[in-house]
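Here is what TrEMBL records for this protein:
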type	residues	note
ACT_SITE	65	active site, proton acceptor
BINDING	14, 15, 16, 61, 85, 101, 213, 241	shikimate binding site
BINDING	125, 126, 127, 128, 129, 148, 149, 150, 151, 152, 153, 211, 234	NADP(+) binding site
DOMAIN	6-87	domain 'Shikimate dehydrogenase substrate binding N-terminal'
DOMAIN	116-187	domain 'Quinate/shikimate 5-dehydrogenase/glutamyl-tRNA reductase'
DOMAIN	234-264	domain 'SDH C-terminal'
């Protein structure tokens, strides 16, 4: 049996196990998915132990994405993002690191028939999710503007992303009305009345993806829908980053419908 899992602290809330287990069952794979919760200063021992035990792959969540980056051989995209959320343990050689958060963004837009190439995209947030989103959209052909509460972080990230610009949250007033895509890559919206973007900036030519998946319909998405925009829930990002990891590990096309059903049941 192949053993996969997720490492984080805390990790008991994770909805990844039922999503991946559903994928293995649908594909008839002899595999299981478990949780690991090492102390914050024991992540190196955890990765070494996983390799020694023959674990086939791990997802990585808070607070270990940057720490694990230093312990694996990252692929080119993960190397630019500077964080890893998926690890594969080959039979020979060092653990391989990937960042499937980027695919979570692009595959969510693709699934909803929203084009990325040639668009103007606004990313709110310059943290880990913002970095993955900015690189993903730029690589897919979008012109990216990053807005962040701390202007310097937005400008620093923009300098790393091909053709991107960065500014403070006040730059949203200028950038969102002209944008085709908007991604909230912050945690703002977990409280029901919070939103990172004023409703009056949202418009019907916009496609809005919110990384926040609880609640499922954030205020940002409700405001965007009221303005006629296309809206994409954060659960799609969560699904497709998992789908990407499944395909990296197994080499098989993921059963998206089965994994989606399991994820949404777990989020209820």
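These residue numbers are counts, starting from 1, taken along the chain as shown.
Cβ coordinates come from backbone N, Cα and C, glycine included.
Just so you know, TrEMBL annotations never went through curation; they're auto-generated.
Shown on the structure are the features that TrEMBL records.
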| residue | record | contacts (Cβ under 8 Å, 6+ apart) |
| --- | --- | --- |
| 15 | shikimate binding site | 238, 263, 266, 267 |
| 16 | shikimate binding site | 6, 33, 59, 242 |
| 61 | shikimate binding site | 6, 7, 8, 11, 14, 85 |
| 65 | active site, proton acceptor | 83, 84, 85, 128 |
| 101 | shikimate binding site | 81, 85, 128, 129, 132, 133, 136, 237, 241 |
| 127 | NADP(+) binding site | 153, 185, 186 |
| 151 | NADP(+) binding site | 166, 167, 168 |
| 234 | NADP(+) binding site | 209, 210, 211, 212, 213, 214, 216, 218 |
The domain 'Shikimate dehydrogenase substrate binding N-terminal' (6-87) - residue tally per DSSP class, helix then strand then coil: 34 helix, 16 strand, 32 coil
Residue distribution over DSSP helix, strand and coil in the domain 'Quinate/shikimate 5-dehydrogenase/glutamyl-tRNA reductase' (116-187): 32 helix, 17 strand, 23 coil
For the binding-site residues 14, 85, 241, the one whose C-beta sees the most other C-beta atoms within 10 angstroms: 85
Most distant Cα pair in Å, residues 14, 15, 16, 61, 85, 101, 213, 241 binding shikimate: 18
Cβ neighbours of residue 129 (NADP(+) binding site) where a neighbour is any other Cβ within 10 Å: 25
Binding-site residues compared (149, 153) - highest count of Cβ atoms within 10 Å: 153
Averaged pLDDT, computed only over the residues in the domain 'SDH C-terminal' (234-264): 98
Site extent for NADP(+) (largest Cα pair distance over 125, 126, 127, 128, 129, 148, 149, 150, 151, 152, 153, 211, 234, Å): 27
The domain 'SDH C-terminal' (234-264): DSSP-derived helix, strand, coil residue counts: 26 helix, 0 strand, 5 coil
